[in-house]
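Feature list (source: TrEMBL):
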| type | residues | note |
| --- | --- | --- |
| DOMAIN | 25-432 | domain 'Major facilitator superfamily (MFS) profile' |
| TRANSMEM | 24-44 | transmembrane segment |
| TRANSMEM | 50-71 | transmembrane segment |
| TRANSMEM | 91-108 | transmembrane segment |
| TRANSMEM | 149-167 | transmembrane segment |
| TRANSMEM | 179-198 | transmembrane segment |
| TRANSMEM | 264-284 | transmembrane segment |
| TRANSMEM | 304-322 | transmembrane segment |
| TRANSMEM | 356-376 | transmembrane segment |
| TRANSMEM | 382-403 | transmembrane segment |
Amino acid sequence: DPEQLRQVPSGPAYSVFSKSTKRWIIAMAACASFVSPMTANIYFPALNPIAAALGVSINLINLTLTTYMVFQALSPTVVGDFGDMAGRRPAFIMCFAIYMLANLGLALQNNYAALLVLRMLQSAGSSGTLSLSYAVVADMAVSAERGKYMGIVGAGINIGPALSPVIGGVLAEYLGWRAIFWFCLIYAAVWFVPYTLAVPETCRRVVGNGSVPARGWNMTALDLFRCRQKPPRTGDDPDSVALERKLRFPNPLNALRVVFEKDLALLLFYNTMIYLVFILIAATLSTEFAAIYHLTDLQVGLCYLPYGLGCCLAAIMQGYLLDSNYRRVARNIGFTIDYKRGDDLRSFPIEKARLLPVYPILATGIAAVICYGWVLQAETNLAGPLVLLFVVGLCVTGSFGILNTLLVDLYPEAPATAVAANNLVRCLFGAA
């Protein structure tokens with residue numbers, strides 16, 4: 001069996017982090033990836049109460065949704081380039097600091113102008129976490145096992161749009177609309193403390209495969225404390241100095257370079273089309289169900305749960321499916337997988353390994369979307385659209401996650417920038 005063969009090349013391991021450390025870092029990245037979609041959608045149930053409290057029309061409140069999405073598209077282009085250049089830790093800490101301050105202001109503000117500006121600031125802080133979370137996976141996982149880790153991070157991203165309206169509806173109904181922003185602030189703070197204390201830097205431009213000691217703002221709080229207790233030996237590592245000299249102001253145009261690369265542009269186009277199906281169903285679900293089935297706001301929020309369950313299962317299952325297909329393709333062509341040092345994808349058909357599972361999954365998802373539209377038009381029993389929502393979440397979101405994995409595989413030198421380009425295209429289309 002080619003999988004059981006082990007070459008002994010002289011190169012270093014792809015990542016020196018232990019399995020337990022990888023799981024800890026990926027778990028924190030998954031929790032971080034939940035923030036942006038959660039923040040965008042938890043706001044929906046509170047639109048009418050906020051409009052009434054601030055004395056403005058619902059149209060003006062809807063404008064805060066559009067501006068949020070515009071910043072959701074633009075912010076990762078800066079944060080992604082910064083994270084690829086300076087490291088994941090400084091980028092994550094900057095994003096969450098901005099996000100927490102914005103939520104504090106939103107919970108305390110009393111006028112529309114403050115709401116509009118702070119929602120844009122909230123989006124700027126939260127949206128960059130998406131590209132950083134995927135980049136963390138690319139930092140640590142070789143191609144052969146990247147699928148399952150991307151699936152775990154994708155679970156946080158995909159369950160956000162489905163679960164957060166339920167949370168927002170409960171908070172708005174029982175504690176008031178300001179509780180939504182307090183909830184977001186508390187969630188971010190609970191994540192922020194252990195991250196600053198104990199999640200190590202993973203960016204390969206900063207720490208290599210994890211064997212190069214982090215310095216300055218790339219160090220954890222525990223590392224800084226240990227250094228103060230036991231000062232490091234004198235003498236600078238020339239490689240580290242060279243890395244520090246490469247620091248520059250983040251360039252958002254780097255994401256546009258990805259958009260205009262032919263192979264990646266085609267991939268981004270298909271990914272955007274799939275994402276639009278996902279977001280349009282999520283955006284219209286509440287109004288359609290309320291009009292057809294005469295549900296309350298809380299009942300409508302609960303109808304998002306099948307969608308969210310399908311999205312979450314898709315994110316996890318597609319990861320294992322991708323890894324299994326990767327092994328199958330490698331076995332068929334006699335390619336020996338190197339789990340320790342990573343594979344040279346120049347001699348491996350990575351597109352075939354990633355895209356083959358998409359065809360049956362996406363075909364099933366398209367059929368489910370057509371049936372979903374038909375049962376709503378026919379106003380069938382509520383169970384019909386709920387079951388189809390689960391299938392749509394499982395298949396359409398699964399396809400979206402698979403293409404995200406291929407995108408990272410094709411742009412390994414700057415994965416955060418590649419995901420930022422994907423986010424830029426899909427959010428601009430979504431806003432339109």
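Glycine is treated like the rest: Cβ placed from N, Cα and C.
Remark: the transmembrane segment (304-322) makes no contact with the transmembrane segment (24-44), by the rule of 3 or more CB pairs under 8 A. Note: the stretches the transmembrane segment (179-198) and the transmembrane segment (91-108) are in contact (3+ CB pairs below 8 A, sequence gap of 6 or more). Confidence annotation: the domain 'Major facilitator superfamily (MFS) profile' (25-432) carries a mean pLDDT of 84 in the model.
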